[in-house]
Amino acid sequence: SFVFIEDFSKAMSQAGSSQFQEVIRQELEYSMKVELDKILATAHSNEIEHTKKDLEGFKKLFHRFLQEKGPSVDWGKIQRPPEDSIQPYEKIKARGLPDNIASVLNKLVVVKLNGGLGTSMGCKGPKSLIGVRNENTFLDLTVQQIEHLNKSYNTDVPLVLMNSFNTDDDTKKILQKYSHSRVKIYTFNQSRYPRINKETLLPIAKDVSYSGENTECWYPPGHGDIYASFYNSGLLDNLIAEGKEYIFVSNIDNLGATVDLYILNHLMNPPNGKRCEFVMEVTNKTRADVKGGTLTQYENKLRLVEIAQVPKAHVDEFKSVSKFKIFNTNNLWIALSAIKRLQEKNAIDMEIIVNPKTLDGGLNVIQLETAVGAAIKSFENSLGINVPRSRFLPVKTTSDLLLVMSNLYSLNAGSLTMSEKREFPTVPLVKLGSSFTKVQDYLRRFESIPDMLELDHLTVSGDVTFGKNVSLKGTVIIIANHGDRIDIPAGALLENKIVSGNLRILDH
């Protein structure tokens, strides 16, 4: 009998790991269901419907999270995309535009991802309401661009904002400002999912409320949520009924993501007669973009691979500018009918991004997210278009803000274009130190934005202020050590200079 027991335990340990894991998975799912039911029970009658939808969506995501193991790509299967699957923008532009471009435009809807807060730039409220240029916010510029299109071509391109529970109230209040503009504006909300305790894998929320001390219990689950929440909102069906066929999706903080008529024409009137359901704009990597997701060929489909999915041993290879030359700008063109079809079949497959966070009180949580571009492999006849770098102009930090506020760009009908006076098409590399992180501190430190037309590189660190009409050229490095302060005087010209130490300008 002893031998039998030994064999039995050996057999159990061999089969056991997978069976045992399955038992644990089922227990975790059951515990999660119990907790979510408790949360749902606290909802008011007018909240039940959408809370239920949110929690159902979360349950699906949690189920998949428990099934998946390790990085979600097999590195050996990754291939370079075939030549014709990523088209150069010049080739698409060379086709020109048809006479009836207005009828093509009338099939388009512009969607902006508007779920983010301005916290990384020290601002409260939606990031889209931060002033970017001549008092205009990201949202103002977006509305101006679309209004300009509608007036120029006598069309009716609507703007759709995907808000999160963090940005919805503030955004809706501000929308009244555009009630007389020639743009119909619609909004829908991203799902609201519960953050889970990293140790127990259970939600930290005890009820549905998300104000006061409960704000940290919930999160918007990444922009991959667009497919389900757009569909669930009913807006997708309404737009299809109005004859709309494509959405152009981009981040609201990417000031380069304007409607491109050549790409739209390529979608609506494809040269080979076969329409693409999904187009991703990619652009060439520079050293600053080595972490961006890249398009690869994987099991005969185009697939977006993000750095988080890459096995550790291959991360350096993934970052190489020579092997993977392009990255995803998150400017996407997607067929509405395809979203509807795939959503109804529950066939949109996106990898789960596990995003660990530490809350103010020190609790470690994880939030499960997805990315909109990862769904490319679920669509038919997808295409990458390699666009000029000017279509990727994100403002993530005050260093980016300095560039777009400067004379490097001119503003016309809501669109920023690189000044013709700049001799080379790349933007300078700007690194502002921690004294500039918050927008209000940054604004206080510049009496006016310097002339940067001939600047290559700017590094500023410490307590530094700039007077009016300063010019920066070549490489400029300004370092005020701890306890020192540097005031760059009004009208100063700094060309290939390193400034350090203490420099106080006294008013006489």
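Using N, Cα and C of the backbone, Cβ positions are placed for all residues, glycine too.
Lifted from TrEMBL, the feature list:
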type    : residues                               : note
BINDING : LYS127, GLN190, GLY222, ASP253, LYS396 : UTP binding site
BINDING : HIS223                                 : substrate binding site
Across LYS127, HIS223, LYS396, listed as binding-site residues, the smallest other-CB tally within 10 A is for LYS396
Rounded to an integer, what is the Cα-Cα distance in Å between LYS127 (UTP binding site) and the residue listed as 'substrate binding site'?
15
Counting distance between Cα atoms, which of the binding-site residues GLN190, ASP253, LYS396 is nearest HIS223 (substrate binding site)?
GLN190
Please work out which residue of GLN190, GLY222, ASP253 has the most C-beta neighbours within 10 angstroms of its C-beta, and give that one of the binding-site residues.
GLN190
Using only the residues recorded as binding UTP (LYS127, GLN190, GLY222, ASP253, LYS396), report the maximum Cα-Cα distance in Å, whole number please.
21
